[in-house]
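Here's the structure, in structure tokens; my notes come after.
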């Protein structure tokens, strides 16, 4: 088919259905989603404010935590406002360009968050295994370069998806059975071979994130070896406690991400409404729970929150 005809088969807009079969419950579904989104905005906003204003928290560990908070805010804000507009006002239409933009930032943010979690594992590795060299290794410049590397790597991985989708003809198919746009959800509407989309969308991100997981596992293997060498049990417990929040963040991010990705490609027996509800929770749970986990488990942050919001100085 000539390229001009392929271009003419690109829809001007897509239609988002929300949760198929549960349209009459959209208003009720929106209440917990909206509550979780507002709580995520508040929690991550407070976290960023505390780290920004408290000079004692201007350390690599908290700079990485700030990056994680920004990534979480981007992840939820990319999808939830449009989702709520769909639930509340039946604003189902989204332009082709806006759909691709939403898809890009959704996957871009997930990829960047994986790099940030890897950087946080490396931070704990250096802090526990080489405490005397911590300041020399994790300099402000190194932290900034890590953030830039997360952006560049994510861009290089996800940007080709835009071209992989733009080359496809859609033959008038424009109804996306979801509340937001994501790569394979758009590709499945095409009336052409999408093998390249399937393989790229599965192999490239999976390989890169698997590499991140391997490096995280290696970091924790060295951390456990270092902990075994510590002479006292309290010292081991204290060192391990500093890793607890990061381990929680790893589970909150990777387990739902793996489930959402695999069910999208191989979960033909998973009911669509279940898959979509879980996919929506995936963009809300990490942003909602990460600030709570770090706020509760990290003494410095907990003390600063109490100081600023609960017991402010009288003067």
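Cβ coordinates are placed from backbone N, Cα and C, and glycine is handled just like the others.
Record features (TrEMBL):
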type: TRANSMEM; residues: 27-50; note: transmembrane segment
type: DOMAIN; residues: 43-294; note: domain 'G-protein coupled receptors family 1 profile'
type: TRANSMEM; residues: 62-88; note: transmembrane segment
type: TRANSMEM; residues: 94-122; note: transmembrane segment
type: TRANSMEM; residues: 142-165; note: transmembrane segment
type: TRANSMEM; residues: 198-227; note: transmembrane segment
type: TRANSMEM; residues: 239-262; note: transmembrane segment
type: TRANSMEM; residues: 274-294; note: transmembrane segment
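If you look at the transmembrane segment (27-50) against the transmembrane segment (274-294), you find at least three C-beta pairs under 8 angstroms, all six or more positions apart, and that counts as contact.
This prediction places the mean pLDDT of the domain 'G-protein coupled receptors family 1 profile' (43-294) at 92.
For the transmembrane segment (198-227), the most Cβ-contacting stretch among 62-88, 94-122, 142-165, 239-262, 274-294 is 94-122 (pairs under 8 Å). Away from its own ends, the transmembrane segment (142-165) comes close to residues 60, 63-64, 67, 100, 103-104, 107-109, 111-112, 115-116, 119, 183, 186-187, 196-197, 200-201, 204-205, 208 of its chain (Cβ-Cβ under 8 Å, at least six residues beyond either end).
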